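So the structure is just underneath, and the comments pick up after that.
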Amino acid sequence: MATNKRTLSRIGFYCGLALFLIITLFPFFVMLMTSFKGAKEAISLHPTLLPQQWTLEHYVDIFNPMIFPFVDYFRNSLVVSVVSSVVAVFLGILGAYALSRLRFKGRMTINASFYTVYMFSGILLVVPLFKIITALGIYDTEMALIITMVTQTLPTAVFMLKSYFDTIPDEIEEAAMMDGLNRLQIIFRITVPLAMSGLISVFVYCFMVAWNDYLFASIFLSSASNFTLPVGLNALFSTPDYIWGRMMAASLVTALPVVIMYALSERFIKSGLTAGGVKG
């Protein structure tokens, strides 16, 4: 009787999981199929799930700079995402280590402030950031967006990295100090390598936030040559002669870097999240 209950429970679980996957993946499947349909077939009054005539014209179009400067937008997004992520992780290492290892006045207040940040929406920072960026004279530049993305991701980076550093035994660093290493040497020779899975997790998080950002990019960038992919895609959607297949192709190619990055770093992300959630 107990075996039958377990079997039924397992069947129900896998059926529910299959239904969830179908609901989740079906829109992406439709996007993929639409990207292979011709312009007229994509808006047909009698749509089909699979293309009647397969075509790669939309993928060719998005890489044609005369039609859509996808490569330029991709480069801008890549520069902003990589640079802001590297800066956020580097500063996060220093801040997280200080909160995890050093004892100083106001430490708990600073630590609590990182929790408080999560209570506020990012849009509340638009006005102060806009004033700072215009005062610095970097409006409509990649640097403006890099600074904004670091501002957005740094609190989370510090919060997550502190959890990882808390799992590293103090005895390891004490032994290193006895061998003559200073604080910076300990951080980059011992602490950082031991927390590498956590660093990769934080980098992927920061990269995804910067790569997918539309709000700040649409406010701080005005020249088409500086657009990132989210803003560029919105411009593509706003054209009067929009072509659904081209939009779906551009959207899918835009999502590929994040998907590939997550797939390659999945093992590190899982181990990093596990390590960061356990104290000891």
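Cβ atoms are placed via backbone N, Cα and C, with glycine included.
Since we're looking at a predicted model, the values are computed, not measured.
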Swiss-Prot topology check: Ser44, Ala175 same side of membrane: yes
Cβ contacts under 8 Å made by the topological domain 'Periplasmic' (32-53) with residues that lie 6+ beyond its boundaries: 59, 243-246, 248-249, 252
For the topological domain 'Periplasmic' (162-189), the number of residues DSSP places in helix, strand and coil: 21 helix, 0 strand, 7 coil
